[in-house]
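Enquirer: What TrEMBL lists as transmembrane segment is 21-42, 62-81, 88-110, 193-213, 273-294, 315-336, 348-367. Annotation source TrEMBL lists region 'Disordered' at 451-483. Taken from TrEMBL, the feature compositional bias 'Basic residues' covers 470-483.
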Amino acid sequence: MKIRRLIPSLPYSTEEWAAEARFLHWLTLFWLGIGLVVLFSASYHAGAIESGDGLYYSKRQLLGVILGLLGFCAVIHIPLYKLMKVSAFGFFLFLMLIFATKIPGLGITINGATRWIDIGPFPLQPSELIKPFLILQSAYIFNRWSRLTLGERLWWLFLFSLTLLGILVQPNLSTTALCGMTLWLIALAAGLRYQSLFLTALAGVGLAAISVLRNPYQQSRILSFLNPWADALGDGFQLHQSLLAVGSGGILGVGFGESQLKLSYLPIQHTDFIFAVFAEEFGLLGGFCFLLLLGTYSFLALRVAMKSTHVIQRLVAIGAMIFLVGQALINIGVVIGVLPTTGLPLPMFSYGGNSMIASLLIAGLLIRAARESQSAEVVAIPHHEGESPSLIRLVGDHSSVATARHGSSANALSGPQTSLHPRENEHLKLVRKRKPTSLWRRILVKLRSSKGVASATARKNDPKAALAAKKQRLKQRRKHRLR
């Protein structure tokens, strides 16, 4: 891998990317840049009070940003089929670490929740880092669902359920619900039966209800959400201060760095409620612009999913959109009082290295899926008896043609190589052409004829046959003009 590929501002060969991939790439970096600026403002006062350094939280966040960007730039240049090979390892690793948080002396308990593992100055949160591997593994499994045996299906249902259960007992109901919703929607997009999905949804709602009944703090959050003014200095204090911050911003905001509610009035203003500081400083206009960014991001992700000709690309795009845009909308809903307090961070805004790394890896998966969304299925062209068929592939809005024989390499045309599977790589080297015209379509039809590529090669070697073929093409053009 070239060093240039690890520099986000200098993407390697972006002119060869699909338009959606280019837009998502720069939109992700723009989202990240805004988040770092807002975090600087929201955390400066808290850092100065707690450690004597106003940049304390910003400096620590930079480590997560650096690690996340390295992973981000690596993921967008690695084919999905290679990422699938390591997804199972990452999934099982973080699944074990989720349960390792319950080991005394290893897990860290903060505000009554044991979600972190003590590994030094930077705690590890497995429930966040498992998200990109959950997308990859669920996309791989649900894509092959119809080909799995009953035992294999039950095994993977057990593992996915075990993952959700491990996060739920930390306790972390919000992340459990988000991961469960992502798995459910990926399964829906993969075409699983509606009856199975309906029963799964009922089971998920039942588990959520049991969790609320067993945890008094979750009950108090729901009650404070229904009426935050009943106990504005107690359980409803967070939501009360958040609404004050959002309302104080007005239309244009009070200005960058001028928020008053972040001065020890708004709790955890640099993590879960960072959007309240953003809304106070940039106002309704700034909040609307951020929602527009999220809308553009989700539109591009859905466009990638719709353009994808391979199911795995579509499932990865949908999962990434839910974990990024869906989580952001849930966080905003909590801040403005539309949803109960959940504890979900705002992706690429909230302080937290684990969340930052996971968000950038997921964004990289989405961009990788967008890069591969141009590829289409390989179509076999019939030949004479005893001959191996040639292969033809239409790539997005462009056309690519290559011939291949089983057991030998292809006579490839010059141009960039697009691949989704190593077996296809052995036979195909593709080149992008302009949009197919009527003449190009006729050439494709000609290639599908009984003579195929072998006859075309023979005409090329025989000058008389080539001249006759040229006259035939001119005759067809005249007929086409007369029509």
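Placement of Cβ uses the backbone N, Cα and C atoms for every residue, glycine included.
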Enquirer: Cβ under 8 Å, sequence separation of at least 6 from the ends of the transmembrane segment (193-213): give me the contacting residues as numbers and ranges.
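Expert: Hits for the transmembrane segment (193-213): 164, 168, 171, 173, 176-177, 180, 184, 187, 219, 222.
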Enquirer: Could you tell me what the rest of the chain brings near the transmembrane segment (273-294), counting residues at least six beyond its ends with Cβ under 8 Å?
Expert: 27, 30-31, 34, 38-39, 41-42, 238, 241-242, 245-246, 248-262, 266-267, 325, 328-329, 331-332, 335, 346, 349-351
Enquirer: With CB pairs under 8 Å as the measure, which of the listed stretches 62-81, 88-110, 315-336 comes out on top against the transmembrane segment (348-367)?
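Expert: Stretch with maximum Cβ contacts: 62-81.
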